[in-house]
Structures are given as structure tokens and as C-alpha cells.
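Features as listed in TrEMBL:
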{"type": "DOMAIN", "residues": "1-82", "note": "domain 'GST N-terminal'"}
{"type": "DOMAIN", "residues": "90-220", "note": "domain 'GST C-terminal'"}
């Protein structure tokens with residue numbers, strides 16, 4: 001049975017899971033979720049994810065939600081296929097992958113997500129972007145990217161000289177960031193810029209980027 005991720009192709013969290021599936025060369029069928037009709041808040045979907053958010057993944061009788069849990073599962077299940085995203089043969093490298101994946105989740109995403117919301121989702125909802133929200137989070141983002149710049153000055157990727165889940169986790173959000181005036185936060189940091197150009201050129205990402213347009217809003 002093919003893997004079934006549920007979500008939307010413009011959702012940062014859905015595409016995080018899809019990129020991982022492509023990195024592992026896994027066949028899958030994306031099941032669209034009509035968030036505009038609140039399908040994700042109805043009993044059939046809530047029976048799969050009680051928090052009513054996308055994405056979720058079905059693999060036979062297993063149902064997972066939370067995009068980073070999904071990517072960790074896929075990377076582990078197919079650890080011998082494609083890029084070794086979890087460095088399963090080296091405990092120290094594996095630990096560093098986990099550290100920097102946590103950094104993305106706890107520091108990068110909370111700073112960049114509100115910026116993406118203001119530039120993409122708010123206009124779709126007929127609202128003006130809130131400059132104060134953008135400015136506040138740009139300052140937070142700069143501090144995180146200063147840490148990234150320092151790390152990437154000594155290693156090619158966040159966890160070391162190898163591409164891993166730590167890098168993959170940043171791709172979807174950074175794609176949208178780079179379409180805003182705040183792209184300067186990346187471009188002004190040479191090692192971060194080079195890293196972004198590298199990870200955004202990987203075939204797994206190029207397979208999903210075409211669907212990452214905000215003709216409609218996303219559910220995080």
C-alpha cells in the first residue's frame with residue numbers, strides 16, 4: 001500500500017513530509033484536505049488527528065501526525081535508501097541531527113512562521129500585513145540566523161558535513177521567506193545564503209516547489 005500523506009501542497013508542514021518522502025524515493029499519494037471547508041475539523045479527519053491539523057500520514061494501519069515525527073519515521077524506515085537523513089550509523093552524528101532539528105522547531109520556525117503568515121496568509125484573508133509583527137519576528141529571526149551563520153562557517157550543513165533532517169526541516173519555511181523583503185536576512189549572511197542555495201536545489205525539493213503557491217491559505 002502506498003504511503004498516504006494528507007495535507008495541502010502549499011503547506012510548509014505538508015511539504016516538509018513530502019520532501020522527506022522524495023528524498024527516500026518512496027511512492028506516495030497525497031490526499032488533499034479541504035481546509036477551506038473545514039474538512040480537517042470534521043469527525044473523519046479528527047479521528048485520525050484529534051488536533052485537527054495537517055499533515056498526517058497513513059502507512060498501512062499506522063497513522064502519524066506532526067510533520068517532524070513523520071519525517072523521522074520515514075527517515076528511519078527507509079534509512080538504507082537515498083540520503084542518510086538521520087546518520088543512523090554514527091551515534092554522535094545522529095545526536096547532532098536531533099539537536100539541530102530541535103533548533104529549527106523551537107527557534108527558527110517560531111520566528112519565521114509569523115513572517116510568512118503576514119506576507120502570504122493575511123493578504124489572502126483581505127488583511128494588511130502587520131508591520132509590527134513582522135519587525136518583531138525579523139529581529140528574532142536575525143538572532144537565529146546569526147547562530148546558523150556561525151555554525152555553517154565551520155560545517156557545510158547544520159549538523160555536520162552531511163545533509164540531514166536538520167537541514168530538510170528548514171526548507172519549506174525558508175522557501176517562502178525568500179519571496180519576501182525579509183530574504184535579506186538570509187542573503188546578508190554568506191554561509192546561510194550558500195547553504196540555502198544548496199538545499200533548495202536538491203531534486204526532492206524541486207519536485208514539490210511547483211505546488212507551493214499561496215493561491216489559497218494553508219493550515220499549519
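Backbone N, Cα and C atoms are what each Cβ position is placed from, and that goes for glycine too.
DSSP labels the residues of the domain 'GST N-terminal' (1-82) in these numbers: 33 helix, 16 strand, 33 coil.
Counted with DSSP, the domain 'GST C-terminal' (90-220) comes out as 93 helix, 0 strand, 38 coil.
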